[in-house]
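These notes concern the structure reproduced below.
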Amino acid sequence: METTPAAPSEEPRPSDLQSTALSDPDKVAIGEHNTEELRLNSENEQQQSDQAMDTDPVPPTEQIQPSNPELTAVINSEKRKREEEQTLDPENKKKNMNSNSSSNPLWKTSLCSYYRRYGANCSHGETCRYAHGEEELWPRPDNTWDPTSNKAKEMQKADEMEKDEEVEDEEQVALDESSLDKCLVGLPRKWVHDALKKFLEEKGISYKTAKKKKGMEVGFVTFENVEQVENAMEILRESSSGGKTIKLRDAIKKSGDGGLVEGMNSSTRKSVREVVTPLAHLSYSDQLEHKKSSLSQLLKKLTRNARKACPDALPLPDWILESREIGGLPCKLEGILESPLTNGYRNKCEFSVGYSLDGNITVGFMLGNFREGVTAVEEPTDCPNVSKLACTYAKIFQNFLGSSELPVWNRINNTGFWRQLTVREGRNPDQGINAESEMQIKEVMLMIQVCSIGVEEEVMKAEFDKMRLAFSQGANDASPSLPLTTIVVQDHTGISNAAPADCPLIPLLVAGGGTDGSDCLSIDKANIHDYISNLCFSISPTAFFQVNTLAAERLYKLAGDWAELSEDTLLFDVCCGTGTIGLTLAHRVGMVVGIEMNESAVSDAQRNAIINNITNCKFICAKAEDVMGSLLKEYLGAPTDTSSKVISNSNGHSKKSEKVSEDTNIKLEAIDAQESNGVQEKDITDSSEKKEGISGTDAGLTVSDGKEEQHRFKNVVAIVDPPRVGLHPTVIKALRTHPGIRRLVYISCNPDSLVANAIELCTPTSDKPVINKGNKGWRNMSSAGLARQRTKSMPNSEHFRPVRSMAVDLFPHTNHCEMVMLFQR
Ligand SMILES: C[S@@+](CC[C@H](N)C(=O)[O-])C[C@H]1O[C@@H](n2cnc3c(N)ncnc32)[C@H](O)[C@@H]1O
């Protein structure tokens, strides 16, 4: 998949945290409801779309008969206020609204659910933060309107009409011999070149060349002359495919071999700042408020879906019944932790290489989604989340590309050489949070992605030499000069820039190593370092590391606090990356078992344990879905299953099985030797053993039978920190069906997958699980719908309940946020 403009692949994409209808989690429904009523309400709610408002209706004062005199007084006073308000002149009303809106950016930005249902004011009257009617409604911080409002519907209609008019307006499509490059918009995504050509031929459209990539809605057609263009326009005006109109638009031909850019007109085109940091126009406190509200809305999906998935024969669990008291939330959303740094906080940026709208070779962020035909790249200088240092390196590379003999990557043809620049930064631990973020950067890793197909090795080598010089020179010439620790080339021949973990890496510069291909230039030394909770982390080029280090420290601390750790605790760090969570919490537990599928990250985790003199951690290189079940059995006393293999850095905890490979023995001996010597950092992967030695369940690694540990630990906790897709269903099933796991802390970068996983963890199951015959319609199901389906086949087991949740803002200025949720049973 092509990376979207917002840089790194780990980071959530804007579409995942849409600013949906917002609602107030603190609003408490008045009145008692029995279980049956709740179910009926929920059914009605579920008929609304996931994005629709579903705050509990607050009955009007006229309808409730409070016996409590205090409540009567409050209601009467509210009624009086409302009556007074009705007599206020419009100017006063506006002022009143303005003063409220200045304290809450979401003031009156959604229609009141009661008002929508009953067309009358709710009991909160003027103090209700929701709008009673269209005339009270305000636009949201992101300039959109409540999607259920007439305003939003009118705007959508107007937008659609405008778009149609634009395309129909023949002036939008230039008719002259100098602009015969056009694009077709609205094509089926599955089409490739041949399907597009066939379509054109069947329609009788003559052309010179036609190109189309799978996954895009846009194809690119070059015509021989203006007559051909006019003919195509005439035919397409009438044509449609699958009910969708296919339209001809101008494509801007860029200089050289550069890509084509869909003909976005200037009114719909967004700036790079708007694309990458869409909340940057808001104050930071307004950003936090906006995120918190969006998240609370998304979390309600968990309650709704779990309620729906609960088998009819079973009572609803307490947590669902109690959710009414907290506005439909599955548990309290306790707030949002701020990022210590709001500007230049990213320690990793992936810059695309391409052509700007002005036709210049540019290193920066794409202006839109490649699938929609946008390939234009603009410089990152205006994006507040990117450090000046990263911008400077992007500029140095851009200048170098201007004089390179090799072409930049063309996303349409999948040809070219230079593809992407990744800048990773390691901080200086001696600088406090208050130091300028630039001052904190002590180490820099540059990773340049290229595609070597068809390029002679000599030519390539010469270009790499020139590039290394350009970076070194640029770093020295900057004022103050910039750190430069490592330069690595990643040779990736696939179509999208997302390279697989085993993609070849060529070191061009490593700290303390040569730059001439000599022995000391080893990829195993190409790591940089960062610090979390006073621990040093060595990070290899492709390993995951949270992009906002200081905010990540807050995230891990919160997860550790909620996990209630003690020396009796065995902590499973699921999806552990370079070991950050387990290692920062190791001093608070008896033992950590980390599970991670990326080999270099596991090597880093082991190395990080050694660097920091931590001896109670084990790291397993495997997919969590392959080993979770058997690990739980090993450590929690169930019959031993020796299918999972554990790499141990702990003298006391691991036992070697007959399956231990020679390579792994060497590694373990190296680690043991280092530990007994009171090790400082020492490279453990540069001897005869290679990383291939650690590759999952069949790699022949040390097996721990877990028997010793099962007696030592009274408390077994899992902290899971999965990638965007969430945990694999097999992992969810293993965690849920093993009664030994009483507490689970879920860290999520994607609230949708958190909700889906939580539905499976927290919904009661019947004693007759349905055997899943394969979900035929799964492709069209939402992730929550799929989770509901899976819950039906979950073996009968005690469900978890969501206990508390909190957001941590790792991504200021963007719509994204990390989320921590505690589950217990
Ligand atoms: C969001 S990162 C978290 C890493 C680490 N906890 C941290 O904070 O630095 C997710 C990690 O899960 C790993 N991962 C992805 N799928 C996995 C799977 N099926 N099994 C184990 N690890 C997986 C990725 O390689 C990545 O390191």
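Just so you know, glycine gets a Cβ as well, placed from its N, Cα and C.
Among the ranges 106-135, 496-525, 736-765, the one that TrEMBL lists as zinc finger is 106-135. Among the binding-site residues GLN546, GLU596, ASP721, the residue whose Cα lies closest in space to that of CYS749 (active site, nucleophile) is ASP721. Sequence-distant contacts of GLN546 (S-adenosyl-L-methionine binding site), defined by Cβ-Cβ distance under 8 angstroms and a gap of at least six in the same chain, are ALA552, LEU555, THR580, LEU810. The binding residues for S-adenosyl-L-methionine are recorded as GLN546, GLU596, ASP721; their greatest pairwise CA distance is 15 Å. Under DSSP, the residues of the domain 'C3H1-type' (106-135) split into helix, strand and coil as follows: 11 helix, 2 strand, 17 coil. In the three-state DSSP assignment, the secondary structure recorded for GLU596 (S-adenosyl-L-methionine binding site) is strand. On the 0 to 100 pLDDT scale, the domain 'C3H1-type' (106-135) averages 84 in this prediction. ASP721 (S-adenosyl-L-methionine binding site) counts 24 other C-beta atoms within 10 Å of its own C-beta, drawing on all protein chains shown. The highest number of surrounding Cβ atoms within 10 Å, among the recorded positions GLU596, CYS749, is found at GLU596.
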